[in-house]
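Asker: Shown below is the structure under consideration.
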Amino acid sequence: MSNPSLLILPGDGIGPEVMAEVRKIIDWYGAKRDLAFDVSEDLVGGCAYDKHGTPLHDDTMAKAQEVDAVLLGAVGGPKYDTLDFSVKPERGLLRLRKEMDLYANLRPAQCFDALADFSSLKKHVVAGLDIMIIRELTSGVYFGEPRGIFKEGNERVGINTQRYTESEIERVARSGFEMARKRGNKLCSMEKANVMESGVLWREVVQRIGDTEYPDVELSHMYADAGAMQLTRWPKQFDVIVTDNLFGDLLSDLAAMLTGSLGMLPSASLGAPMANGRPKALYEPVHGSAPDIAGQGKANPIACILSFAMALRYSFDKGDEATRLEKAVEKVLADGYRTADLLGEEGRSPVSTSQMGDAVIAALDASLT
Ligand code: IPM
Ligand code: MG
């Protein structure tokens, strides 16, 4: 049997630096766990625009459709801010999500013990926090038509459309319920049914799927604004949250910050199963391209490393190896390794991006003895 295939798209800003550390980890699994991958690498985002005049070349798109999983770093940067909307770096990422039909975006927010002091919230509010946000990723206001900036009389009007079909809500609701069953059996769905018809439909459909297919899962509904408030008030009341594309974008950044650093959080974007039974999948850190620190060896590679752990779990059915990697990260943090974003008030000196990667490798080695 051939090795599973991985397409790596480091992208822009700190993307290439953090991905270089993931490459070390992938190599480690090949050498030490007999888990080799066929890895290819390509461009996405601003770097793809610089070379091809488009943030995602058709050949890259085709490759992404063929591989077992895609691993992405980050896209974007100030250099591209003035580009036309249609070729902005972000469009490359959005095209991947849309054309691969990656409708379920899993964004765990987990507070590592060693970092509980870093949260802007009180330690007892966040210590031990472990929630999973499932964000719908291929529809809603990100993709709804009509959209654009139009002339209306003597002024312009900017239009975006929030749109959800029943089947789009059903499938992501099922992802939410399935995840809840694997965890604490509790699902909270968030929308704005008080002001948006799409929210009314969302609530209705999620409730129906719950009643008919998952009566064993405890389901609740919350308006997304109240959800944001509750997430900061007492986040541990939640287990799995399912929400739409835009609310999920906002709430997942909020949840990420609860844990102390955006630099720590991975994500998985999953679609329907392919012929080999694996879901279409793209893994990426939640953080962005951080152009202000790019190229300086300051970036935290942990979110990207943990994204690879998610790939091991969700694409390659290697939950035990994913846990090994997550434990290695935990150990490195417990041992005091900190990249610059994690320094806070502790007065230690930071390790570089590659020192952090090497420390994780050392912890992986130690896990074998
Ligand atoms: C995210 C990002 C993206 C989004 C951008 C880069 C298009 O904020 O993945 O959360 O808005 O979805
Ligand atoms: Mg975002």
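Note that Cβ sites are derived from N, Cα and C of the backbone, with glycine treated the same way.
Just so you know, TrEMBL annotations are computer predictions that nobody has curated.
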Asker: Check TrEMBL: it lists ARG97, ARG135, ASP225 as binding substrate. Then name which of ARG107, ARG147, ARG233 it lists for that same site.
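Answerer: Same substrate site in TrEMBL: ARG107.
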Asker: Under a threshold of 6 Å between Cβ and any atom of ligand 2, which of the binding-site residues PHE85, ASP225, ASP249, ALA294 are retained?
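Answerer: List returned for ligand 2: ASP249.
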Asker: Count the Cβ atoms, other than its own, that fall within 10 Å of the Cβ of ALA294 (NAD(+) binding site), considering every protein chain shown.
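Answerer: Here the count is 18.
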Asker: So which of the binding-site residues is most packed in, judged by how many other Cβ atoms lie within 10 Å of its Cβ, out of ARG97, ARG135, LYS298?
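Answerer: Selected residue: ARG135.
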Asker: Validating a neighbour-count step here. Other CB atoms within 10 A of the CB of ASP81 (NAD(+) binding site): how many?
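Answerer: I count 9 other Cβ atoms within 10 Å of it.
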